[in-house]
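Novice: This structure is in structure tokens; I'll ask about it shortly.
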């Protein structure tokens, strides 16, 4: 990996992705061998939006590498509540930390932050834009279950506002993957992303129902409807609950189908699916630690 920051999956080549995933696999096989690798290193956690998995797995990843974390805490308890700008906030934190993990409600925030600091910035979600570290653990999970070439992936739910979808679709274009996008018409993949996928030569099809395409899929990637991104609550209510994966629907799927979800789920996947062989979303969340350890090693190690 040759970049100073990770802002978008569009900056990653297949080689970049495979290098990080290979390193994550090595870490998972020998997690104890990394404990003193980054003694004295500090990772700044700057979350302007709620987070459970991303925040905690980055915290665990840095500590398992032998480093420490400092957490900005909630926006209400920081100087942002007094009107401090993002640029000023990251400039200050860059004086305390060796890298910054940033989540922000505004698309493009991570790219902006990277312009003001000379330490690595990792985009942990920028509004409806990108979530590249989620994609890396998604790809790791896919590779462990079905591989990353000659597979068919269905991505269902909120494709318009879902940043995990935007990142994943771009990254999958580096591999031999047939991508099927399943959503209500009002939540289709943004036009610019569709154009980019076609320009990359990706095999892409769009659908409005899951059942018709389910038998063809190796992976079904389900996402929640991003209620917090909707400008109109009525629009959200019209599309909420349209896609729900349960054991009845999965009876139409191949026995080897892998069901994934970036979490948190609301009601997109019934709890009864959790105990089936299809469910991989908790494995997916678990993979966040070794993958983010590998990413921190790639970025901070290079910066040092």
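Backbone N, Cα and C atoms are what each Cβ position is placed from, and that goes for glycine too.
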Novice: Besides 53, 54, 131, 134, 263, 264, which of 23, 91, 103, 244 does Swiss-Prot list for that carbamoyl phosphate site?
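Specialist: Among 23, 91, 103, 244, only 103 appears alongside 53, 54, 131, 134, 263, 264 as carbamoyl phosphate-binding in Swiss-Prot.
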Novice: For the recorded carbamoyl phosphate site formed by 53, 54, 103, 131, 134, 263, 264, name the remaining residues of the chain with Cβ within 8 Å of the site's Cβ center, in chain order.
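Specialist: Output for this site, in sequence order: 51, 52, 124, 125, 164, 262.
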Novice: Given the carbamoyl phosphate binding site residues 53, 54, 103, 131, 134, 263, 264 in the record, what is the largest Cα to Cα distance, rounded to whole Å?
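Specialist: Greatest Cα separation within the listed binding residues comes to 16 Å.
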Novice: What kind of secondary structure is residue 224 (L-aspartate binding site) part of, going by DSSP in three states?
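Specialist: Reduced to three states, the DSSP call for residue 224 (L-aspartate binding site) is coil.
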Novice: Please report the distance from the Cα of residue 224 (L-aspartate binding site) to the Cα of residue 263 (carbamoyl phosphate binding site), rounded to the nearest angstrom.
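Specialist: So the Cα of residue 263 (carbamoyl phosphate binding site) lies 8 Å away from that of residue 224 (L-aspartate binding site).
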